[in-house]
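Asks: Mind having a look at this structure? Questions to follow.
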Amino acid sequence: MTDRKQQQREGFRADDPTAGPLTTDQGVEVDHTDDSLAAGERGPTLMEDFHFREKLTRFDHERIPERVVHARGAGAYGYFEPYESCAEFTRAAFLQDPAVRTPVFVRFSTVQGPKGSADTVRDVRGFATKFYTSEGNYDLVGNNFPVFFIQDGIKFPDFVHAVKPEPHNDIPTGASAHDTLWDFVSLQPETLHAIMWLMSDRAIPRSYRMMQGFGVHTFRFVNAEGRGTFVKFHWKPKPGVHSLVWDEAQECQGRDPDFNRGDLWDAIEAGEYPEWELGVQLVPEEDEFAFDFDLLDATKLIPEEQVPVRPIGRMVLDRNPENFFAETEQVAFHTANVVPGIDFTNDPLLQARNFSYLDTQLIRLGGPNFAQLPVNRPVAPVRTNQRDGYGQSRIHSGTNYFPNSLGGGCPAHAGADGHAYTHYAERVDGAKIRRRSPSFQDHYSQPAMFWHSMAPWERQHIVDAFRFELGKVDAMSVRTRTVEQLAHVNGELAAAVARGIGVPEPTPAEAAPNKVLSPALSLESLRGDGSIRTRRIAVLVADGVDGEQVTSVKEALTAEGAIVEALAARDGTVTGADGEPYQVDRALPTVASVLYDAVLVPGGPVGTPPTVSDQDAMRFVRDAYRHGKPVGALGSGVGVVTALEPEGVRLSAQFQEVVADQGVVTDTSPGPANGEFLRAFVTAVAAHRHWDRPPAHH
Ligand code: HDD
């Protein structure tokens, strides 16, 4: 049994620590739960069997409605600690003292697919954090994109209906590649900026641990003097931002639909605690109109080059939930859960969210008392006059109205000690109108900025993604209209997409006025700390392998924090060239290259690469190469890579000693791996992907 399974099994302990016998919900002991009470051995079941009825009734009611969006998720507990006091900008208690650790629960999610859909779909990822602060719960309910698809929350039902499976046949699951979404996009140009992100590699993260998070909206910090400062929140992952490639993401959906979920769980169980830095972009109130877009428009970001991200603290996730339903499913986030020192702005998307989240929890969690569930319960004391309702678990006493004298006036209004929430006294004056502000009208400049800021390989991936998605759209009118929209972003992009999907190249449109670059948007600038911790490296072994080489490589890479697994045609052991047995971690037919970050092929006695005759092993190496992953080969193992040259796998001609070329690292010397090889391989793994390789055939 694997360690993970073992740990899970150990997790199945009875609620009662004394582990007594099975009981009913009423605590009556049950001596038999395998046969229902019947009138005779072959007779009918009796109504009298209260244990049977309770067991079945409870089972029938086990499911609650899944979230209307973000249904599939994974969560974890941890803590947040600020680097220094942020008192200059906010009085939020959890941002004052580096010695104070605030507990958090984070839930990551996909958006479109149902609860049982695959992890590695092309989609936005939710990144919702609940801070259990001493002054009440603060929820930062963000995504891994800094911009959203629409500007006003009244459009949310339209957008979600368009992206969700089509109503007549409930297809497609977990995918945006279908007519209704693109129909909506082509008619609603405000979606284009978020759509550019959706077509980029950001939409297929390698791991939840390797994603950025964004609060998206402009919020407001308020300090003890009542001064407001606009703020945008950023989470930056320590290992850098890394993605899959589309072909790989699709194969992963079948090979391991829990790829991101399992990765988060395993990392935490292994003590490799995921970590993010919290950063803020701060804009003084007097600069509200200093930008060529509106700060209240959630389809825009503030380029980091314009307003730098200032690091203010770090978050570490160090504990998996005990029970998925009780915690990850029942956690209830709400954008209006704010604490003193953090306030809203008039962003119309945020205003709508502040209505929607409470409303949705009332139906999803079956009534108004969900804040009493353990995962939602604040650590700050709760004293309200709210009473009763479904699922009430508190036994209130005393009065339930204010003002009262009979209850001693309790709970009283908060005193002047500065802990009460006071709304920022923003002056508001306007006519009641139903109209989008003219300052929200530029829909093309920022998508163009995104496009121009991408590396060439990122642009290619974006074009490929558009071609895939629009290629799945049946209505040619929708394909054509979308390409016409893209022409406003960039002519080359539109033409390249058009060529792939069989529609005429659009006539050049008026180019987007703004060609500002923001290098911070490119994954090139987000490669992380150079470490290979938790990267999954496959070592392909077979009978006759150089066991000493395998052992040396495994030890060295494991010491760097990588997860190294020996794969062979079958489980058990292989016999090394020295006649010794070497442990196999997994059988090749049960895994695939898409589940690993890199592959390494050790050698055997010179001239006989032991894996070359194994089709699964050869496919493994070919796929790793095609997906831009590091490929290492040692000794005669280099022959495995050479054997793939006719299929387009390129190798530098001379490899007598260590050669590292576009992430293909080879060394034909026999025996244990040397330091130079290991360093080159580790560097290649840390870089994650190598895009400038010539393409290999499928
Ligand atoms: Fe939302 C869930 C993030 C716009 C209405 N949203 C939900 C979750 C995340 C986000 C991460 C899952 C929370 C969890 O893990 O339980 N949503 C966003 C972001 C948005 C956004 C970053 C734009 C900046 N959402 C948005 C709008 C509305 C909603 C405009 C409605 C007007 N969102 C909901 C919801 C959900 C939700 C229907 C479904 C389940 C839930 O709330 O608890 O209320």
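First residue shown is number 1, and so on along the chain.
Cβ atoms here come from the backbone N, Cα and C positions, even for glycine.
From a predicted model like this one, the values you see are computed outputs, not experimental measurements.
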Asks: Which single residue out of Arg67, Arg72, Arg314 does TrEMBL record at the heme site shared with Arg107, Phe156, Arg353, Tyr357, Arg364?
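Replies: Record source TrEMBL; matching candidate: Arg67.
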Asks: Looking only at DSSP and grouping its letters into three states, which state does Arg364 (heme binding site) belong to?
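Replies: DSSP assigns Arg364 (heme binding site) to helix.
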Asks: About how far apart, in whole Å, are the alpha carbons (Cα) of Phe156 (heme binding site) and His70 (active site)?
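Replies: Roughly 14 Å, rounded to the nearest whole number.
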Asks: Hey, does DSSP put His70 (active site) in a helix, a strand, or just coil?
Replies: coil
Asks: Same-chain residues six or more away whose CB lies under 8 A from the CB of His70 (active site)?
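Replies: Spatial neighbours, sequence-distant, of His70 (active site): Ser109, Thr110, Val111, Gly126, Ala128.
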Asks: In whole Å, how far is Asn143 (active site) from Tyr357 (heme binding site) when you measure between their Cα atoms?
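Replies: Asn143 (active site) has its Cα 15 Å from the Cα of Tyr357 (heme binding site).
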Asks: Can you name the residues of this chain that are 6 or more positions from Asn143 (active site) yet have a C-beta less than 8 Å from its C-beta?
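Replies: Those within reach of Asn143 (active site), by Cβ under 8 Å and sequence separation of 6 or more, are Val124, Arg125, Gly126, Phe127, Gly213, Phe214, Val216.
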Asks: Could you tell me which of these binding-site residues, Arg67, Arg107, Arg364, has the fewest other Cβ atoms within 10 Å of its Cβ?
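Replies: Lowest Cβ count within 10 Å among the binding-site residues (Arg67, Arg107, Arg364) is Arg364.
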Asks: Provide the number of Cβ atoms within 10 Å of the Cβ of Arg353 (heme binding site), excluding the reference atom itself.
Replies: 21
Asks: Looking only at DSSP and grouping its letters into three states, which state does Phe156 (heme binding site) belong to?
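Replies: Assignment for Phe156 (heme binding site) reads helix.
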